[in-house]
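**Q** Take this structure, written in structure tokens, and hold onto it; I'll ask about it next.
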Amino acid sequence: METSQIRNGFNKVEVDVVGPLKDLLVRVMKNINTPFKILNETFKINYCDQQETKTKSSFYIQTLDANDKSSLELTKSAIKNIQMQQQQQQQQQQQQQQQQHHDIFQFTQPSSSHNHSNHHHHHHQQQLQQQQQQQLQQQMKTPKLLFFIVMSVGVGKSYIKNIKEEAGTIPILEWFTNYIRSWEEVFKLTSNQVTSHIKRQLLTKACTTGNINLLDEILLSGISKEQIKETQTIGHGIILKSLIVNNLDSIVVSGSMSLLGAVIDNDNDKKGSSLILSKLNLNLFPKSIITACFNLAELDLSYNNIKEIPKEICQLKHLKILNMNNNQLDDLPLELANLTNLKYLAVQDNPLNKFPHHIIEQGTKRTLVFLKNIIEGKKSETWNKVKLMFVGQEGVGKSSLCKALMGSRRRSSSSFAAELQKSGDTISTEGVKIQSIKGKKIDFYAWDFGGQQVFYPTHQFFLTNQALYLLVFKLTDPNFAERVNYWTLQIKANSGLSVPMIFLVGTHCDACTPEQLSSAEQILKENFVKYSRIRQNAISFVSCTNGTGIKELKKILTNEAEKSNLIKSNIPGSYLILEQRLTDRGANSSRILINQNNINQNNNNNNNNNNHNNCNNNENCTTTAATAGTTTMTSTTTTTTNYSNENILNTSSNSLIALFTRSNSNSNLSNNYQKPLVNQKYIDYNDFERECKLSHLAQEEIQGATEFLHNMGIILHYDTPILRSLVVLDPQWLADVMSSLITFSHNWIKNGILNHSELVSIWSGKYDQSIWPSLLKLLEKFEVSYELPNEFPSRSLIPSLLPEEPIDRIQEIKEKLWIPLPEAIESKRVQIFGCQYNFDFMPLGFFPRLLLRILLIKGIDIKTYWANGILLDILTTEDIKIQKLNHKKHSILPNNSSSTSSSTSSSTSSSTSSSSSSSTSSSSTSTTTTTVQIQSSPFGNSTTIVNKLTNIDNNNNNNNNNNNNNNNNNNINNNNNNNNNNNNNNNNNNNNNNNNNNNNNNNNNNIKNIINNFENQNNLNNIITNNFGGKFEIIKKNDFESPLSSKKPKHQVLVTFKNQKSFESKDKDTYKLNVEIRSFNVSNNNDKDFLASLFFQQLLSTIDTLLSGSYGGLKVTRLIPCIHCIEKDPHSEPHLFDINSCISQLLLGKSQLVCGKDSTTPVRIDYIAPDLSIKKIPILLEDQVVCEEQIGVGGFGLVHKGKLILQDKSLVVAIKSYIVGNSSASDIIRKFQEFHHEMYIMSSLNHLNIVKLFGSMQNPPRMVMEFAPHGDLYHFLEKKKNIKWSFKVRLMLDIAKGIEYLQNQNPPIVHRDLRSPNIFLFSLDENAPVCAKVADFGLSQQSLYSVSGLLGNFQWMAPETIGAEESYTEKIDTYSFSMILFTILTGECPFDEFTSFGKMEFIRKIREEDLRPTIPSDCPPTISNLIELCWSGDPKKRPHFSYIVKELTNFYYNLNLSPIPEQKSINDKSPHPDLISNGVPKLQIAK
């Protein structure tokens, strides 16, 4: 076949045109470039004149003149040539047959020499292959007549009929000169004929060379039965020669001929046939078997490299035997279950990494039933893997107990004791170690939790309620009850409402007397058994030295696991497939040996492998695949961690998904399979969802499967905004990463501060340096660490490693700044308030997480902090101005900094400064930029954070919000890049210690000179402290002076946490969080000094958010200390008021309480609980507000129209009243807190598209707000159907601007109840300054990380908020906004079109099937695209409101409308400007 490759990738086929009319045909067809396909190749036909090209093509077309009699002769001549070619081929075949008979005769004679025989066979085999190729090439070179073209170009007699008689079987095409589409007929016939000839040639080639893949492709493309039979005839001769040449040892082309024979048998309707295609090195399953051999009864494809069985195999209805042994199958299709006649399925020695191995081991019938149950959705599988949690203090024998439970049942106690003596009585565990304990019926996944207290904060991420807990303690410890008490409460807190299954296991019973054992048992029964669901067998005493009680404990564990619901007997088979697929990705990769008999042998192998791998600075891991079922399948492999090829998908702080890989080999089912696996430590949730769908899980089943595998310990997934995007496949790896920092075995993290330069000592050799920034970001997600911003060199805070109590420099700072309470009271210059949270229990790690969140609050000056406390100042307006001046005037460069790095550092600081300060603006050059940093060390005041709490220049801040967000993103990227550079520099520094020491000495001298010059210039009014890590900071001396040394206003805050000290303590509230605020040199009558109250409210919101999101199962009581008790006797404990009693008094219209210690002295509620009285807004008097007609009913009470009167002028307002009604006491308190919370949120808002709060009233509580003359959006759309597009877009834009303002607050404000009834209209004129405003902030929350809680009105709610009490972010408002857009667009409520669904069905479809309203077809693409983006099921894909406002603004202008009216300040838009000052009425605050 003559083809050539042309430039655009097509194959060119030359077709000669001969005969009298060739010029006409070539001229017409030369511009035809239509491509066509033969198999997977694309061809184009080139019609050419042989005389012009001087070449001879493989194909030709004979043109004939229908009116010329000579055309008959041309036809006869062409036919004669064809007949001669056929005769030559027949002669060649006869000669071949004669040669075959001769060879058979020679073959039957005895051979004189074996070596000669081998040489003879080899020679003939080569000769045979050469002959086959030569014959094929000769056939391709012989020109083929495709067809005749007969044209009528003249006048006269037509010989067309005679030509057709002579042509015989050769096609004839009549060309009509008056038919302009004749060229299409020519091309169609040409391409068909060329395709037929080429396929015939390829078919012969496939059979002569044994290429089954090519044969399969040809059969699938379609070929005639005649061609198949013709090829089979040719192939029979080749097979015979193959038999002779190879001495019956092998058949060269038997596979292709077998397939060809099966196809012919199928065409003859022969049933029960078999097809053997083994040992042919096939990479693909021949699909032609399915389409052309559907009558097969037996199929053998063993010993190939097939990776997949096609789903279409179910069409082989008669198949009884399928042999796929020794292939590369990774999975089995569900469609195998539809082969009802299949009796034998052989898939041994395949990897099958994505299919449960134990199912296959149980045979064909079990496998087919398993697949069928998945198809039918039956839940009939059993999960016999139980999570076993070993918890307790260090040194009590947890690891030894775990090892004892893993021991062989036949080992004697003496041998067991000898083994323990070699390893020690106790084995120290850092973090969490995961092992497997094999039982007869149950496999236990043993999680051994490190008992050192330093690891306790990280344990919460691994504890689940679907587990058996072994609370291990040492019977010889006299204080064991305190250890048991902590862990029972910890487990209870993590179990939510369910009662956990706790086994109390005392070790070292061999060292105790019977009396001691009896006493311990009595203590446990009286105090701790009540916390466990296990009552009869909850207590066990064992000895890991002599094995006492071990066998009995294992039996108890097995029995209780069987009785409990931990062994799941009705789970979908798809769960097992999902587990296997995740195992292939990296899950279960850290399981330790389960077969005790192989421990010694495997250890020896590991040692040998480790010696071999010592040349690499990589991590050696021993992994075992733990399997269910009765057959133990153990694969112990030593793997070399190679992180040089890792793929970091995204290292940003918003979306961090890194793939950590290591090579591995799997020999579980295949001895010859050595495919390297990629073990990923964690994957993106979207990737996890894809695995779920490949495991045959429906979308609505994914959440249940995720929770199941999480509770079973296979994966870790936390449905919180920060962690939702991650699925941890290897919990052991995560525990190792955490314990690598939070550990007792190194000294690089000093007092909770980690210099990133020390990561070389911690992570070098374990994790590739390129992923260190990603690991730090991952630890931030789990609130284990926090990377300090604007640090050079970079550092991170590890809160759990801070000193437990103030020591050394921390203690010195605290004593100087936080003076004793009696001294402060005696000065008569301080006002004190605060609160106390009491908990029945609080797991370790609570305050470190709270500390991280407090550090993110703006408007504070951190003085120092430790593991259970933080001391800070609330910045005043004057403080902010002084800080700005100090940062501009004085700057000390970090150690080893050059002028270039200085500029970079300043620029970075500038970005952060502008984003965190409401009053800081960027300068034109980096050298004059104000540097604002966060406190980087607990040892001194070096940093300041400025917040909008100061209310300075709010308008400027609003305008700069978008720029600040961009700066923040850039700053994050810069920090990541700096981390990588710093890490690289650290390695270089380690290699050049001598040079660095010299450089450091020089730099230290330079620093000393700078210090001396600075102190001389500033008259020693400042000091310079050297925080470790080469960080020099300027600190004013008066920063560490007593607050009484100055008469300026000062606000101090001390937050401390107290743990339970003794189990025997009689105090029920032994876990306390105390907040104390001291305001010096301020007056209660000074309405400008409300900063302390505002910060107090934000701090309480931060605490409440953490408690509700992560510790919702704990009982919390909030108490308020009596300030009169404190003032009267600061040495004694004050009376404590319950917060509910304060609220109850306020609801009764009373502003005072009575002290429990002194009933004669009233206590003002606004003094002791300023968060319950919003000082930022005026308290209006009764004669200043006139209440008129009722205009609505709110969630808390009634809404009236009224007037705000002052100096004979009035302003129409809306009055929202809190009405108690017949609610329960708890509902009354809750609703009041929400009502009050709405006032708190609104008091800090100042935007034209947010309804303004003018003031509040008491008895009953009321809010006085702006009045919307045109009502709410819901009723407006309900009444008015025809709305101009211009006004629709204006409404959309106004609402978007209001929400954008909310989300740009710091922290962002989440409305949580955005819907059309909460949007109010102030003008129906699209050219008015304001048309729409957002209102009703009763459910709003400020979100540092996330908010949580159940919500209603599911039609408007984001999927992540419906029907589940989980955390979410401000992106839920973006989703609700899409529903508002839809409502404005259509005039209808969301989902009104769906009338056949009940509420629960609605919720399920919204959450699980992405059900959304139908956008009208005439909706402009800009608006429809915006709606679809905003209602994305993935919160991360929903756009920021800056983008939404931009899109709507551009769309507004593109409508050729008038420009959007400039929105003026509230002062200008008010009908009575003299009533308003800074957005607040000029009113006298009521006393």
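Glycine is no exception: its Cβ is also placed from the backbone N, Cα and C atoms.
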**Q** Have a look at 1008-1031, 1056-1079, 1416-1439, 1464-1487 and point to the one annotated region 'Disordered' in Swiss-Prot.
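**A** When 1008-1031, 1056-1079, 1416-1439, 1464-1487 are checked in Swiss-Prot, region 'Disordered' belongs to 1464-1487.
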**Q** Which has the fewest other CB atoms in a 10 Å radius around its CB: Ile1191, Val1193, Val1199, the listed binding-site residues?
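**A** Least crowded of the binding-site residues Ile1191, Val1193, Val1199, by Cβ count within 10 Å, is Val1193.
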**Q** Hey, does DSSP put Ile1191 (ATP binding site) in a helix, a strand, or just coil?
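**A** In three-state terms, Ile1191 (ATP binding site) counts as strand.
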**Q** I'd like the number of other C-beta atoms within 10 A of the C-beta of Gly1197 (ATP binding site), please.
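**A** If we count other Cβ atoms within 10 Å of Gly1197 (ATP binding site), we arrive at 18.
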**Q** Looking only at DSSP and grouping its letters into three states, which state does Val1199 (ATP binding site) belong to?
**A** strand
**Q** Going by DSSP assignments with H, G and I as helix and E and B as strand, what are the residue counts for the repeat 'LRR 3' (341-362)?
**A** 5 helix, 3 strand, 14 coil
